[in-house]
Amino acid sequence: MKASALNPWLLSVAPMMDWTDRHFRYLLRLISQWVRLYTEMVVDQSILLGNRAKLLDFNPEEHPVALQLGGSVPERLAEAARIGEAWGYDEINLNLGCPSERVQGGGFGACLMLEPERVAACMAAMRQAVGVPVTAKHRLGVDEMEDYRYVARFVERLAGVGVGVFIVHARKAYLKGLSPAENRTVPPLRYDWVYRLKEDFPHLTIVLNGGVRTLEEAEAHLERVDGVMLGRAVYEDPFVLAEADRRFFSSSRQVDRFWVARQMMGYARAQLERGLPLWAVARHMLNLFKGQPGGRLWRRLLSEGACRRGAGVEVLEAALERVMAESERRLGVQSGR
Ligand SMILES: Cc1cc2nc3c(=O)[nH]c(=O)nc-3n(C[C@H](O)[C@H](O)[C@H](O)COP(=O)(O)O)c2cc1C
């Protein structure tokens with residue numbers, strides 16, 4: 001499948017609670033102009049009853065950005081989707097894959113895979129409420145299910161109410177006995193099932209998620225599916241996306257870590273002015289120099305300095321100077337200077 005900017009789901013970064021907030025998404029957007037971004041899951045009731053600006057505000061640079069919702073009541077989800085669209089989101093996604101006890105307690109997330117009729121009603125109501133795409137993010141099944149036909153029927157049912165995009169975390173979830181983190185590692189990955197979904201439903205957009213670490217791996221999957229979503233690999237090393245625009249979106253743009261760090265300083269300054277602590281931004285920058293000369297030093301200086309009360313951007317400036325010095329020193333050693 002030829003990678004093309006015409007397919008909005010070609011490459012995306014997964015919704016990750018506590019990680020993919022607006023500050024991390026801003027950082028990612030500096031690295032890639034094209035990759036599709038997802039919010040953390042926001043529960044529909046929080047949007048209906050809570051502080052919308054706090055939950056939904058994002059930076060205009062973040063587009064294309066999708067709002068992920070959690071919920072299981074059609075009317076509430078429809079209303080939350082409508083608000084999300086009015087807020088400017090480019091897509092509304094429904095979480096059908098989170099197995100955490102808290103989420104199960106609310107009756108949504110992965111346990112909804114057991115209730116295709118309810119999910120179909122939810123998605124139909126959301127689709128009716130908004131004009132932007134309404135998409136599903138789900139697993140291959142739950143608990144003891146070992147049946148490809150189940151997930152195929154699930155997809156078919158949702159396609160029946162007009163859902164066209166399915167982001168498939170390529171493993172099932174255990175609703176009891178595993179923590180959310182274990183549920184992202186213990187159930188084996190079954191990429192073959194995701195490929196088969198694409199073969200069986202060629203008219204649907206099938207996005208593969210789970211365990212993809214590099215753009216090379218993403219490219220290989222793109223031979224078989226329409227899109228790839230990366231999660232942990234991007235948080236652990238955001239520069240894994242550095243080549244994304246050139247490789248997948250025919251862009252000649254090139255960025256380096258120092259430029260990104262400097263842009264983030266300007267951004268952090270603006271956030272401080274809004275009254276946020278430096279750490280709200282700096283915590284997402286810890287892995288910016290992952291695997292680079294001075295990368296550990298950078299992480300240590302930020303961890304120690306940026307979480308202090310009243311810390312300012314000078315912590316980042318000082319850390320960057322140290323990393324630049326370390327980088328030059330290593331280059332000097334390598335070239336025998
Ligand atoms: C810290 C963390 C938080 C997550 N939060 C969400 C979430 O809010 N909604 C969701 O659908 N998936 C969530 N996930 C799952 C990811 O979206 C993704 O499906 C999973 O990590 C597998 O992809 P990966 O192997 O590329 O990380 C989370 C994962 C992590 C690591």
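Note: Cβ is positioned from N, Cα and C throughout, glycine not excepted.
Per TrEMBL, the candidate among Lys54, Lys137 that belongs to the FMN site alongside Pro15, Met16, Met17, Gln68, His169, Asn209, Gly210, Gly211, Gly231, Arg232 is Lys137. Taking Cβ-Cβ distances under 8 Å and a sequence gap of 6 or more within the same chain, the neighbours of Arg184 (site 'Interacts with tRNA') are Arg171, Gly210, Arg232.
In this structure, Cys98, Arg184, Asn209, Arg232 are the recorded positions from Cys98, Arg184, Asn209, Arg232, Arg299 whose C-beta falls under 6 Å of some atom of ligand 1. With the fewest other Cβ atoms inside 10 Å of its Cβ, the least crowded of the recorded positions Met17, Cys98 in this structure is Met17. Non-local contacts of Gly211 (FMN binding site) by the CB criterion (under 8 A, 6+ apart in sequence, same chain) comprise Ala170, Leu189.
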